[in-house]
Every structure is written in C-alpha cells, then in structure tokens.
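Some notes on the structure that comes next.
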Amino acid sequence: MVAHAATCLDGKSLAQSIERQLADHVRTFQAQWGRSPGLAVLRVGNDPASAVYVRAKEQACSRVGIQSFGAHLPATITEAALLAKITELNQDERVDGILLQLPLPPHLDPRPLLYAIHPDKDVDGLHPENLGRLVRDEPGLRSCTPAGVMQLLAAYGIDVVGRSAVVVGRSILVGKPLALMLLSANATVTIAHSRSRELASITRSAEILVTAMGQPRRITADMIRPGAVVIDVGINRIQRPDGKSSLWGDVDYEAARAVASYITPVPGGVGPMTVAMLLHNTVWSYCRRHNWQQPLLSLTSMPPAP
C-alpha cells in the first residue's frame with residue numbers, strides 16, 4: 001500500500017471526449033459540404049500488431065463519421081506499385097488523409113513512400129514539409145503521438161512553461177517532434193537516448209518526463225524526480241507464462257505512481273490519444289480543403305481518474 005498515488009492521466013476518457021467533438025463537427029460539415037472526411041490507411045503484409053492497430057483506427061473512424069478508403073496490400077508488393085497506390089490516393093478527392101502503417105516488409109524503404117504522400121494528406125505528420133512547419137512553429141499536420149501527449153497535458157491543466165522536460169527517445173515518430181512541441185510551448189527541453197550517459201541523473205532532473213524507449217519497465221521509481229509528471233509512450237508486448245500477453249510501458253508503473261504527481265497508464269494513456277489525434281488530423285485536413293480554419297477541439301478540464 002503506497003502512502004501517495006499519482007493522479008492517473010486518463011487518455012482513454014479524453015480520447016472519447018475528442019471523438020464526440022469531432023463527430024459533432026463531421027455531422028455539421030457533411031450537411032454543409034455534401035461529403036464526409038476520408039482516411040486511407042495502407043497496410044502491407046500480415047504483421048499481426050499492424051492488423052490490430054489498423055482495425056482500431058478504422059473502428060474509430062466509423063464512430064466519428066470518417067469514411068475509410070484503406071487497402072491491405074501483399075507483403076510482396078514492389079516499391080513502384082506502392083508508390084502508384086499512394087499517387088492514386090493523393091489524387092482521390094474523397095481522401096483527406098493517407099497513413100502508411102509501419103513497419104513495412106524489409107525490402108521496402110519507408111522514406112520515399114512517406115515522402116510521396118501529399119503534405120496536405122500526411123495525417124501522420126512525417127512528411128519533411130510538415131516536420132519543417134513544426135520546426136518553424138507554423139500551422140501544419142502534427143505527428144499523432146506527440147500531439148496526443150500535448151493535448152493530454154493541456155486537458156489536465158499541466159503547465160509546461162519554463163519547466164524542465166526530458167524526452168527519452170529520439171525517433172522521428174515521437175522523440176524529435178515531441179521535443180519540438182514542448183520547446184514551442186516554452187518548456188526547457190532535454191533529449192536523452194540510447195547513447196546518453198548517466199540516464200538516471202538526466203531523468204531525475206525532469207519536472208516532466210516522457211519515455212519513448214521501447215524497453216519494458218526500464219524507468220524505475222528511483223529514476224523519477226518526486227512530484228514529476230510522467231508520460232509513458234512505450235508499448236511493449238510481453239509474453240506471460242500462460243501463453244497470453246500483457247502490455248507494459250517503459251515505466252515501472254506501480255512503483256512510479258508512488259513518486260510522480262501525474263502518470264499515464266499503459267494501456268489507456270497515450271495509445272488512445274494517438275488514435276484520437278489521427279482522427280483530428282484527418283478532419284483538420286478535410287476542413288482546410290474547405291477553407292475552414294477554426295480550432296476543432298475545445299478541451300475541458302479532465303477530472304482525476306478513479
């Protein structure tokens with residue numbers, strides 16, 4: 001029994017709130033503009049985890065009123081054929097967002113494929129033009145997971161201005177764009193990674209600690225500053241002795257919640273927010289094509305999760 005327990009940052013409930021807001025917008029816009037937003041998720045091959053993720057995204061689209069135009073393509077597809085499919089979707093007026101589900105089979109280099117997606121349909125925020133807009137603090141499509149983290153912090157009234165934020169991980173999917181978003185929000189940002197020396201001393205300096213390492217329970221309670229906000233982006237599938245699997249984060253959750261002030265669970269923290277921001281990006285892209293520039297989300301303060 002711990003004497004103190006951190007407030008749980010409930011990404012699942014917040015994601016549901018975002019979905020409701022987006023669904024209201026979509027109903028209004030469909031009546032005005034005569035069509036619904038469209039998202040195309042491209043899955044290549046038969047990776048089981050990818051199948052689960054794509055199914056979750058398509059189900060979320062259905063709840064909000066976004067049409068799905070995705071495709072499941074064979075693992076043997078050539079780069080030329082996949083580029084042709086992306087070009088087709090770029091030109092399809094029904095499609096407002098395109099997402100290439102990663103990872104790809106080994107013979108496919110994701111970079112030219114991601115770069116082939118039109119920047120205005122790049123709902124994953126990975127095109128160089130959108131990353132450049134992020135660097136320049138200009139409007140553009142933002143990477144879904146980092147954007148979800150920022151929405152989660154805002155919804156719980158966690159002010160990042162002037163606070164020390166450490167991001168553990170430097171991937172183009174999470175670490176780098178999140179560091180830029182925190183910097184844009186006037187946090188004092190440090191990035192740690194696999195080559196960083198004395199990782200524990202770096203993480204203990206953080207008032208806001210974000211982990212995106214892909215190493216189950218790597219961050220232990222003694223690596224966390226008392227009272228820190230801990231955001232666990234890691235999703236690690238661990239096989240149990242009974243043959244079933246569990247999802248673990250990068251943080252030792254039960255121990256860390258006795259030290260932190262706020263913490264995200266795994267699952268139910270950042271994961272649902274990633275999907276919610278994918279929906280947001282799709283609707284945002286759809287709105288831009290109709291010259292509608294108003295914010296889509298109005299986040300109310302989230303109560304502490306039970």
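Quick reminder: no glycine exception, Cβ is built from N, Cα and C everywhere.
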The NADP(+) site in Swiss-Prot lists GLY169, ARG170, SER171, ILE235. Which one of SER194, SER205, SER261 belongs there according to the record?
SER194
Candidates SER171, SER194: member of the binding-site residues with the richest Cβ shell (10 Å)
SER171
